Amino acid sequence: MEELLEKIHQLKQHYKAVILAHYYQDPAIQDLADFVGDSLDLSRKARDSDAEVIVFAGVHFMAETAKILNPSKKVLLPDLDAGCSLADSCTGKAFKEWKMQYPDHISVTYINCSAEVKAESDWVCTSANALKVIQAIPEDKQILFAPDKNLGNYLIKETGRNMVLWNGECMVHKAFSMEKLMKLWQQYPAARLIAHPESEDHVIRVAEFIGSTSALLNYVQDSDKDTFIVATEHGILHEMQRRAPEKLQIPAPSKDNNSCACSECAFMKMNTMEKIYECLLHGKPEIQLDESLMKSALRPIERMLSLD
Ligand code: 13P
Ligand code: SF4
């Protein structure tokens with residue numbers, strides 16, 4: 001491992017590359033990265049980066065967003081198959097046809113979607129700024145929201161806005177088991193449940209705090225409580241434990257009986273140290289997008305970033 005790390009560092013220097021990683025990546029990848037963040041932070045970092053090569057340790061839509069923000073830079077994704085169930089639920093063609101049924105609506109798409117869908121959208125949002133984006137849309141406008149129905153329902157509840165929702169879900173955040181969660185709560189009655197807004201409504205309703213991965217991390221760090229059940233992908237616990245080592249953080253149990261009995265994003269976990277090394281060495285797999293598609297997809301992303 002030490003040898004591999006050293007080789008990655010040398011290649012990074014040689015190619016003037018930066019490694020950006022999401023909080024759901026394996027701990028070793030988070031430790032290796034130059035920057036770890038949520039989708040919004042990672043978009044900002046990609047926008048502001050002066051590196052010649054961006055290695056994206058995340059999933060396809062994140063690397064695509066980095067490319068759209070940096071069309072002249074080389075953006076590498078260690079495994080091009082690292083997709084997302086939300087992004088896969090909504091093709092550009094289907095989204096366009098759906099939108100045509102609501103010609104007077106403003107379309108807001110969650111960043112977890114393809115460049116084709118972004119190109120057809122009025123706004124893009126992430127879980128960290130979705131409320132802000134919805135609130136920036138005039139009250140008299142009706143809203144179309146895609147592709148995450150759980151985040152959409154949460155936004156309807158929080159803002160009271162009338163929104164038509166695409167029927168997509170994150171396969172990781174829909175996998176929490178209420179039955180196992182209740183049993184866990186009996187074991188730890190003082191534990192606070194915190195959840196990502198991609199979680200289903202029955203989880204959101206009993207959570208004490210709902211937020212993006214960054215917001216969940218800040219909440220645990222700043223809270224005066226000492227035990228948390230964390231309803232999101234369990235990779236986040238690496239950073240959470242680093243920031244609040246004295247607090248007990250328990251991953252919310254999943255319906256699946258996988259090895260960790262918690263929710264794991266198989267797409268995020270497709271990235272490995274070996275693949276990061278290989279992609280730096282060979283300069284591929286690279287994200288390549290059509291120029292005019294990038295231009296159209298940039299507009300709603302820039303609109304979102306202008307709210308900063
Ligand atoms: P965040 O933007 O909150 O990090 O979420 C990204 C994601 O894919 C959640 O499943
Ligand atoms: Fe997509 Fe869910 Fe994985 Fe996030 S956790 S990348 S929303 S499949």
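Counting begins at 1 with the first residue displayed.
The backbone N, Cα and C atoms fix where each Cβ goes, glycine too.
Going by TrEMBL, these are the annotated features:
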type	residues	note
BINDING	HIS22, SER39, TYR110, ILE111, ASN112, SER127, HIS196, PRO197, GLU198, THR213	iminosuccinate binding site
BINDING	CYS84, CYS170, CYS265	[4Fe-4S] cluster binding site
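Everything TrEMBL records as a feature, shown here on the structure.
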| residue | record | Cβ contacts under 8 Å, 6 or more apart |
| --- | --- | --- |
| HIS22 | iminosuccinate binding site | VAL36, GLY37, ASP38, SER39, LEU42, ALA57, GLY58, VAL59, MET62, THR213, GLY235, MET268 |
| CYS84 | [4Fe-4S] cluster binding site | VAL59, HIS60, PHE61, ASN112, CYS170, PHE267 |
| TYR110 | iminosuccinate binding site | LEU86, VAL124, CYS125, THR126, SER127, ALA130, PHE145, ALA146, PRO147, ASP148, LEU151 |
| HIS196 | iminosuccinate binding site | SER127, HIS173, ILE210, GLY211, SER212, THR213, LEU216, ALA231, THR232, GLU233 |
| GLU198 | iminosuccinate binding site | LEU86, SER127, ASP148, ASN150, LEU151, GLU169, CYS170, VAL172, HIS173, THR232 |
| CYS265 | [4Fe-4S] cluster binding site | TYR24, VAL59, VAL172, GLU233, GLY235 |
TODO: Could you check which of the binding-site residues HIS22, CYS84, TYR110, ASN112, HIS196 have their CB within less than 6 A of ligand 2?
DONE: CYS84, ASN112
TODO: Mind computing the max CA-CA distance among HIS22, SER39, TYR110, ILE111, ASN112, SER127, HIS196, PRO197, GLU198, THR213, which the record assigns to iminosuccinate binding, rounded to whole Å?
DONE: 17
Open item on the list: For ligand 1, list the binding-site residues among TYR110, GLU198, CYS265 whose CB atom is within a distance below 6 Å of it, in sequence order.
Closed with: GLU198
- [ ] Within 10 Å of the Cβ of ASN112 (iminosuccinate binding site), how many other Cβ atoms can you find? Include all protein chains, please.
- [x] 29
Open item on the list: Around the [4Fe-4S] cluster site formed by CYS84, CYS170, CYS265, which additional residues qualify by having Cβ within 8 Å of the site's Cβ center?
Closed with: VAL59, SER85, LEU86, ASN112, MET171, VAL172, HIS173, GLU198, GLU233, PHE267, MET268
TODO: Count the other Cβ atoms sitting within 10 Å of the Cβ of CYS170 ([4Fe-4S] cluster binding site), across every protein chain shown.
DONE: 26
